[in-house]
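Remarks on the structure that follows.
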């Protein structure tokens, strides 16, 4: 039979559709088993409370409507003050767009709403947005926790409106009147705007492009909802800390949707881990090709831009100008992300073999059991409102501490910043704490007496933190090195310390993660030997030691070597140093308390003075005899104030517990 067409030409073989920059890996649809697993996955998401109620959804719409009214009145007021005609005042307006998880349709209960206010050319960001609109919002009863961040990479105003978190950005475009039907995805909207406006506009433009580039929006949304939940449970959801934020996860999931266009969410989830455990970073993840435009904005291109060559995990945005959305990822945080990908991949393989359930994949990561050594960063201020701004500034710079530790130890000391913040509810003054896990790089043998002295590193970090433009008296930061056995109780669930004998609550998770670790770092025999060595060291360290060996004075060293070695100090030195540090510490907290007392309008010493002084209890303990201080309660404190009164940092050293 002749297969030629009537015109005599041969028929062309059908080509698989192309999604993104490459052909799909597979066009296969779901099997019956896949459909069953998908049903179980969706049931798990509902039971986990990841979907908001209709009442909350309606309230969000109401809040967005109110914010739209507020910014329209604000622009009309400015238009009248600038002397424009009555007709211009009548036509003047600002338009509100949403982006992020709300625009993508994957937000959950209590999630914030990322919003962008687009205004006319004569309304600026510095004065009109961050001063005039800020003051308008500050006077409204519905608005609480108002926090402007004008010096951020993308300037933002954070607040709660009727209890709903709002992140409000501003972009001024080159139009005197902003139309209601403004097409923000059109490149012409970027004409004659500054770089900060381009970054602000890009959030909405990227969200719209993602929804256009995925084969099935509903499947994409369910898979992304799963991955965001997983990332938060595993401690790798935070762009500001050096991990991945919402847009990063959306782009990664969207690329998997392109590679498996007919897959349902349960399939997309397992393919996600399968693909990215094998991804050869720093090869970039892209949903479409990078296009340059006549507007001349810089785009991500390591061939032309030397800085782009040092990005460790490039995830490129699909809207012009294309940028790397994950430039905050460092060597240390990439290591943590890849470890979690490996763990997730192992569990998904077991789920496909019916050896595990979906809840196993979403088990919470036990960060405070993962390391033997930690850095604790305590952030304090005299006022609760001041703490919001001070914490935001400090948290945005924590990733710099990770980079500095990597730099000053030549990558030998690995740092794992944890995104969650913690509050000691027994302390009445405004404060919060962040933690970082510390360990020697895998595969590096410890030498006798080797140590990591990061005093200068942390001191450099402190100096940069102290350059905060809006610093106020009472704002302070303290850094301390704590071992796992000495972690404060408030970091554990329900306020209790988890017994050392307990391991991961899920045997499946433990097995999968151990298999991954074994394949990466050595044989089972080596791991058993290391476990016995750890137990031997723990037994040594659990014995009460003489007070003269503590390094509260800031000069003793715990070395990494074949055995834990302590350089002894004279008891008199420890005592004199401790008294000086204790007096300086108490004096500093008295200043905080006095400042808060003045704010509250009280005359007598408030109760928070005593609570604030309790922060120094670990320092007081070193003045007691060894019999009075159990080893499990002592810890090494390095907490210099920004005013320099509390002395220098002691180093955060490792012993051989992690070798």
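Yeah, the Cβs are placed from backbone N, Cα and C, and that goes for glycine too.
Here's what TrEMBL has on this protein:
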type	residues	note
BINDING	99, 100, 101, 112, 113, 114, 167, 228, 237, 246, 247	ATP binding site
BINDING	112, 114, 167	Mg(2+) 2 binding site
BINDING	112, 114	Mg(2+) 1 binding site
COMPBIAS	531-546	compositional bias 'Basic and acidic residues'
DOMAIN	20-214	domain 'Poly(A) polymerase nucleotidyltransferase'
DOMAIN	219-364	domain 'Poly(A) polymerase central'
DOMAIN	367-425	domain 'Poly(A) polymerase RNA-binding'
DOMAIN	431-500	domain 'Poly(A) polymerase RNA-binding'
REGION	1-33	region 'Disordered'
REGION	527-554	region 'Disordered'
REGION	614-659	region 'Disordered'
CB within-chain contacts under 8 A for residue 112 (Mg(2+) 2 binding site), separation at least 6: 100, 164, 165, 166, 167
Check: same-chain CB within 8 A of Mg(2+) 2 site center, minus 112, 114, 167: 100, 102, 113, 115, 156, 158, 165, 166, 168
Sparsest Cβ surroundings (other CB atoms within 10 Å) among the binding-site residues 114, 167: 167
Site with most surrounding Cβ atoms, counting all protein chains shown within 10 Å, from the binding-site residues 99, 237: 99
Three-state composition of the domain 'Poly(A) polymerase central' (219-364), taking helix and strand from DSSP: 72 helix, 6 strand, 68 coil
Residue pair residue 247 (ATP binding site), residue 114 (Mg(2+) 2 binding site) - Cα distance, angstrom, rounded: 12
Counts by DSSP class (helix H/G/I, strand E/B, coil) across the domain 'Poly(A) polymerase RNA-binding' (431-500): 20 helix, 19 strand, 31 coil
Cα-to-Cα gap, residue 237 (ATP binding site) vs residue 114 (Mg(2+) 2 binding site), nearest whole Å: 17
C-beta crowding around residue 101 (ATP binding site), within 10 angstroms: 23
Around the Cβ of residue 113 (ATP binding site), the count of other Cβ atoms that are within 10 Å: 22
DSSP helix/strand/coil residue counts for the domain 'Poly(A) polymerase RNA-binding' (367-425): 28 helix, 14 strand, 17 coil
Max CA-CA distance, Å, over listed ATP-binding residues 99, 100, 101, 112, 113, 114, 167, 228, 237, 246, 247: 19
Residue 101 (ATP binding site) to residue 114 (Mg(2+) 2 binding site) - Cα separation in whole Å: 8
Local Cβ density at residue 247 (ATP binding site) - other Cβ atoms counted within 10 Å: 23
Alpha-carbon spacing, residue 99 (ATP binding site) to residue 114 (Mg(2+) 2 binding site), which is rounded to whole Å: 5
